[in-house]
Each structure stands twice: as C-alpha cells, then as structure tokens.
Amino acid sequence: MSEHNVYGAAQPAQPAQPAQPRTRIRTHHLQKMKAEGHKWAMLTAYDYSTARIFDEAGIPVLLVGDSAANVVYGYDTTVPVSIDELIPLVRGVVRGAPHALVVADLPFGSYEAGPAAALAAATRFMKEGGAHAVKLEGGERVAEQIAHLTAAGIPVMAHIGFTPQSVNSLGGFRVQGRGDAAEQTIADAIAVAEAGAFSVVMEMVPAGLATQITGKLTIPTIGIGAGPNCDGQVLVWQDMAGMSSGKSARFVKRFADIGGELRRAATQYAHEVAAGVFPADEHCF
C-alpha cells in the first residue's frame, strides 16, 4: 500500500518498524535525563483508570500524592489523610501504570517522629501498596529520615520550599525562599541530596532560586511553581486537566476542560434517560 507526500505523489510503503518495548522507569533513568538535558513531566494519579491513561501518554513518573486528601477525600488540607487511606490508591495506580515510576507520599504524622517511624511508614507503602519510591516533605529537618530510608534500599523523593503538610506553621500558602530565606532553601536542597534523595520537588520557590539550585545539584529537581528551569515539572492532574473547581493557583495551566466535558456528558445522559431516548434499540439485546 502506498502513501502520499505533502504534494499528493504516491510514495513506496515503508516496512513497519518494530516498536521499541517500553521498560519500567527507574530512578537512574531520571538521573540520565538530567545529565542529557531532557526535561520530563510528572503527574499525580489516584486510581487505576487515570494511571493507565497517563502511562499510555508516556508520563514517566506518577505521584500518589497526599493531595488525595483534597481531590479524593474532600479534606480542606493534606494534613488529615492517613496511610490507610492512601495505600489502596497506590495499589490501583501501580496496576494501571506498567511503565511509570510510582511514588507514594508519606502523609503528615507518619515520619516526623524519626527514622524508625519513617521506615515503618515507607515499608508499608512498598510492601502493601507496591510503590517504587516514597516522597516526604522537609529539608534539613528530615535529612536523617532520608538517609535511613535510602540505607534500607528505599528510594526517596524529597520536597522543599512550600510544604503543604506544614501549611499551618508556614502561615498559609506562601512563596518560600525569598530574600534572606533563600539560603535556607539552598541548604535544604543540599541536605536532602547529600542524605541520598534521588530527586527533589521544589514548590512555590522563586524561579531564579530554583534555577540556581538545579545547577548546584546532581540529582533532578522537579518544579511546581518554581519556574521553567527545573529538570521536571509536576501538577495535580485535576488542576492540569480542568477538573478542579474554583480559582487555580498561579502556577497551574489548564490543558483541558475535563470537568466541563464530564458535566455535559452527565447532563446529557440524565436528559436522555428521562426522555426515554436511552437506551435505544442498538443498546438492547
């Protein structure tokens, strides 16, 4: 079978090239991407169906975030969500994403007490949830926990800058690392890298500071409200796809209106059922 070029002339059909099999993304793949200057995207996921779609789209890292507290369970902050509420979500995401690296958030209260508590929490996510790595919030103050987890063979993604679990002590949703506070943010980044974290999320950090930190670290940086020069970017998928209600954060770009489409579909479905239009003959046995 022939194909046509842009001018309409037939071209000989080319033999199909075998597709390169995709393999599971591992932490060393992210390190290689940083070394080669390749930027990559990370999204949150909380269930099998969306994880499957994102995996098919080639998203290399999926985060089962404690943001599930807000978008799955309806809490006002991430503070109330528990390990028992998150582990079933991790299981679904791992099943739906055969290629992505699946990272599980350690929720508030599960690791602050020290290395032993962090190891107990992380072990549950790895054994019961099937996660490939865990994420925890904090810089220098959690370096000991990070070192303990990595020594136990558990890959750790760190999270500095604005840390949502600390929203009460930070005085609300505020940019971190401005002015004199920049030195502490840099110190936090260096501390988590030296403790063995394989990557670090920087949230709501001035773009210039994030660029500086990205250049200092050998591990990948992942930005959310931290400018364009991080090695990766992450968004909550409901924000990215237009499922969230209310005003979006400044760092969010909506790439679709899934919420509007779903609302229209549900409205049309209800209308057709009420009108006796659905199910039609073609939907019957």
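Any Cβ shown, glycine's included, is placed from N, Cα and C.
According to Swiss-Prot, the feature region 'Disordered' maps to 1-23.
Per Swiss-Prot, the feature compositional bias 'Low complexity' maps to 9-21.
Residue density at D66 (3-methyl-2-oxobutanoate binding site): 28 other Cβ atoms are found within 10 A of its Cβ, drawing on all protein chains shown. Per Swiss-Prot, the feature 3-methyl-2-oxobutanoate binding site maps to D66, S67, D105, K135.
Marked as Mg(2+) binding site by Swiss-Prot: D66, D105, E137. Under the DSSP three-state reduction, D66 (3-methyl-2-oxobutanoate binding site) is assigned to coil, being neither helix nor strand.
The active site, proton acceptor annotation in Swiss-Prot covers E203. Following the DSSP three-state reduction, the secondary structure of E203 (active site, proton acceptor) is strand. Packing around E203 (active site, proton acceptor) is summarised by its Cβ count: 22 other Cβ atoms lie within 10 angstroms of its Cβ, all protein chains included.
Reduced to three states, the DSSP call for D105 (3-methyl-2-oxobutanoate binding site) is strand. Within 8 Å of the centroid of the Cβ atoms of D66, S67, D105, K135, where the record puts 3-methyl-2-oxobutanoate, the same chain has further Cβ atoms from T44, L63, V64, G65, A68, T78, L86, A104, L106, P107.
Here the C-alpha separation of K135 (3-methyl-2-oxobutanoate binding site) and E203 (active site, proton acceptor) works out to 13 Å. Around K135 (3-methyl-2-oxobutanoate binding site), a 10 Å sphere centred on its CB holds 25 further CB atoms from the protein chains shown. Sequence-distant contacts of D105 (3-methyl-2-oxobutanoate binding site), defined as residues of its own chain at least six apart whose C-beta falls under 8 angstroms from its C-beta, comprise L63, V64, G65, D66, S67, L86, V134, K135, L136.
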